[in-house]
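Annotated features in TrEMBL:
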TRANSMEM  9-26  transmembrane segment
DOMAIN    13-463  domain 'Major facilitator superfamily (MFS) profile'
TRANSMEM  65-85  transmembrane segment
TRANSMEM  97-117  transmembrane segment
TRANSMEM  123-145  transmembrane segment
TRANSMEM  157-181  transmembrane segment
TRANSMEM  187-208  transmembrane segment
TRANSMEM  273-300  transmembrane segment
TRANSMEM  312-332  transmembrane segment
TRANSMEM  339-362  transmembrane segment
TRANSMEM  368-386  transmembrane segment
TRANSMEM  407-430  transmembrane segment
TRANSMEM  436-459  transmembrane segment
REGION    490-512  region 'Disordered'
COMPBIAS  491-512  compositional bias 'Polar residues'
Amino acid sequence: MGRFPNRTVFLNVLFAVMGTTLRFGFNITLINPMGMILNEILTKTARTHYHWDLEDPDQAKWRPYVFGATGGALALGSIIGSLTYGYWVNRVGRRQMLLLVQIMFMVFSVMAILTHYDAFELFFFSQLFSGVFLAYGIATTTTFIAEVSDPSHASFLNSLVVVSIEVGTATCNLLGINVIFGNEDLWPLLIFAPFALNFVCFFGVLLYGKETPHSLLQQGDRDAAVYSIQYYADCSIEEAEEKVKAIEVMNQSNLKLLSVRQVLRNPKTRKPLLLTACLGAAQVLSGVIAMGMFGTSIFVERAHLTRTTAGILNFGLTTSFLMGVFIALFFLTKISHRILLLVCLPVLALCNATYAGCIIYAHSNPDTLIPAYGIAVALFIFGLFFSNSLEKIGFFCGALITPREALPATASTSVLVLNTTAFIIPPIFAPLLDNFHGYAFIPFVVTNIGFWVIFLLFYPKKTLMEQMSAEALEDVQGGDSKVAPVAVGLSNETAGETNNLSSTSKPSNEKL
């Protein structure tokens, strides 16, 4: 097996990732470059449709609440999607779900473009419904990767998920610069860009994608599952038959998965679930959502930069998140996750304190650009450290510290907490920023320090994944060859042992 996946697997994963997680990064950032344009549309919509004059000083106080609620709409949709995905997961195949997600994203893009006709409501609902299908799409993509890839390639392919989110964020900020598409005349082209991407990904999945063997076996179509393995693993029919048997053995030997209530009642699994939930909340309460959604507005309204300069600066700074992801994936993989958290959280608190101090200083000294430079440096440092700690560890945390039987409940709880927090923060932060300026960042300083204390006291010094890696390294160095566990993906090594496993009525736990 080569170091990288074959062309068929890579292309299919690429289409799935670009059509879902890259779109997620784009959508969650969209309100940032479009903030001032949306404010103008909101004013016109309120006056035309509801006879509500938001330019009246007595009514203007409601503007940040409406704008903040719009910022949280995507997260609210993700909550709905997270809660309802379990109903669809085994009723709709992975390929069909990916196709459906691409179609719906194109529909929601058209809805957002129609906002141009003084219909702010359409933008709100396009974000809300996009959140639902983003939850479906991301969950399906990660499952798709696990089911069509060799286990030795799964880590590399899953890293594309994290990278594509940051690529979507940086792309949105680049296209949203005032001199490109982020102006009153060309902003519909900013929303058309992800429409074009989903159009390409739809035909990519339609023409090159096949249903996964796991999904086909769940539907009882064994012959199609064999063909699917031949397609993705590029192997003979005999090898495909052996891999199907391996998947069937794995399905028969699966542990009984625990519900959230059962996980909370078990002391062994309760702590990982609570820590993973805390990590999900820590990602949002670090301040990343606030700067991700309102960064350009802060540079213009608080640091007194022009819209073009603010857009260029914001794009340059969001690339720091992408740089941080690459650093985390290629250079910091062997550093203890506990150490990363304990080092990065105080740095993030310091960055938020810098935001607060700079905005407060700019409010009293509007003629100086020192606050803009201070915010820029702090945001660049924030991006590097956030990507190296909270984002990286948060994405894999459930697998890092959670027993296998509690993994689905832990992961779903973490996603629910993250999305709930992301829904609550924008409607609260926008009015705070409007009324209290830089003091709006003080709660993020407190929460970063609070989560630092929690992880210092309770996060394990070595995660389950780190312990397993260390034990595997000792086995290799000591020359002790053990039977590898049956993997989820399409592994040749796994299939090679199927003859021994299937020769008995029930394989032993030791062999499994």
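Glycine is no exception: its Cβ is also placed from the backbone N, Cα and C atoms.
Remember, it's a predicted structure, so these values are computed and weren't measured experimentally.
Long-range contacts of the transmembrane segment (312-332) within its own chain (CB-CB distance under 8 A, at least 6 residues past either end) are made by residues 29, 32-33, 159, 162-163, 166-167, 169-170, 173-174, 176-177, 292, 295-296, 299, 305, 340, 372, 376, 379-388, 391-392. Model confidence over the domain 'Major facilitator superfamily (MFS) profile' (13-463) stands at 84, taken as the mean pLDDT rounded to a whole number. Through the fold, the transmembrane segment (436-459) approaches residues 271, 275, 278, 281-282, 285-287, 290, 302, 337-338, 341-342, 345-346, 348-349, 352-353, 355-363, 401, 429 of its own chain, all at least 6 residues removed from its boundaries and within a Cβ separation under 8 Å.
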